[in-house]
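Before any comments, here is the structure.
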């Protein structure tokens, strides 16, 4: 019987095999800071490349953009982030620990087995009353003695230039979306795009989260993959459904187990005031269901706010009808770190083998696997031939070469990092110019001519 898949096992594997390390580890680390190791950076880069291909390159509606992290502070005034981008905080009067009130409520709902454990959109009064009525205790000391809720702004502030005063204050962006909105007219004009069209962007964002956690699920520094899709008012709900289905298929096509995914539509109470509809694709993490991908109908709120604040006209003139309007926006927003974690968790498996043996294997889809194949000489005496095989395919695929240890242990290591194929160079290779290819999932083996190796891998890794 398989053991339960736990976050402790995932974190241990991630560190030991070079997916993710604690940030600044030799100095005691930095809370909730993570560095991607050799395999982790390949995994995340593969996910980003595949997102870009599906959402920008392969979709005729969309183009790409890469905006600056540091922006004029007026952007954040107009967007409402400076005035309203905050978390509801409560302090425990006994142990002085600080918590997000909505997270205390959500954790309680999860413990009680609620199907939907969300407190999004709850007022401060509702949060406080719920905590009091349910006698929810401090997660740290177990006492029931909280302060009233107060708001805490999530933006990281710094200064630009040589002086540190109000005139030089700037902020690390808390989302990539606003850079797209302020460039709406630039992109539309220069690319000659007609509505409907979208602008995609991948980039870092920063939020001074009070209660980050669950490994790379919620961090203060993270990477977003966002699309802002501009459409004519009245067609927005049709496009909202289109992008929901598009996002869903992206995850399934890359092998995520459908049973671990669900849509959760936001209730009227949860919706931010400008949103017409919001739906999250949630993944069943070991710690519970968590948001993976948010798809929102933001209406014309963002463009109108920037038009009002900047004085720049954000209206679009339809060349077919001569109708002028501010486009509505559908936003599918995905965290690269969060979805990479979901792929890692979903791929993890502990298999019982014949004879009572066990192996850990990551069943990555070949397209997201960090290493596509490993070249393994059966003996160090075959290194020269094995390196020749490696050189024939390493320019086309991300290939690993390993000649250390028994062939069985090398197979197990490749299973554990999710390598789909192991290419064994044996003494027969010197005679027949063929290699043995072992499949990660079935552990079956086939003999393939070296001259046909590249074609074989191309057909398998697509």
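Backbone N, Cα and C atoms are what each Cβ position is placed from, and that goes for glycine too.
Over in Swiss-Prot, the protein carries these features:
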- 100, 175, 222, 223, 224, 225, 226, 331, 332, 333, 334, 335: substrate binding site (BINDING)
- 207-209, 217-222, 291-292, 335-338: ATP binding site (BINDING)
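Swiss-Prot feature annotations superimposed on the structure.
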{"residue": "100", "record": "substrate binding site", "Cβ contacts under 8 Å, 6 or more apart": "87, 88, 89, 90, 210, 211"}
{"residue": "207", "record": "ATP binding site", "Cβ contacts under 8 Å, 6 or more apart": "154, 155, 156, 174, 220, 222"}
{"residue": "209", "record": "ATP binding site", "Cβ contacts under 8 Å, 6 or more apart": "32, 87, 154, 218, 219, 220"}
{"residue": "224", "record": "substrate binding site", "Cβ contacts under 8 Å, 6 or more apart": "175, 176, 201, 202, 203, 204, 205, 333, 334, 335, 336"}
{"residue": "338", "record": "ATP binding site", "Cβ contacts under 8 Å, 6 or more apart": "216, 217, 222, 290, 291, 292"}
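Within 10 Å of the C-beta atom of residue 218 (ATP binding site) sit 19 other C-beta atoms, taking all shown protein chains into account.
Cβ neighbours within 10 Å of residue 222 (substrate binding site), excluding its own Cβ and spanning all shown chains: 19. Look at residue 220 (ATP binding site): DSSP puts it in coil. The maximal spread of the substrate binding site, taken as the longest Cα to Cα distance among 100, 175, 222, 223, 224, 225, 226, 331, 332, 333, 334, 335, is 26 Å.
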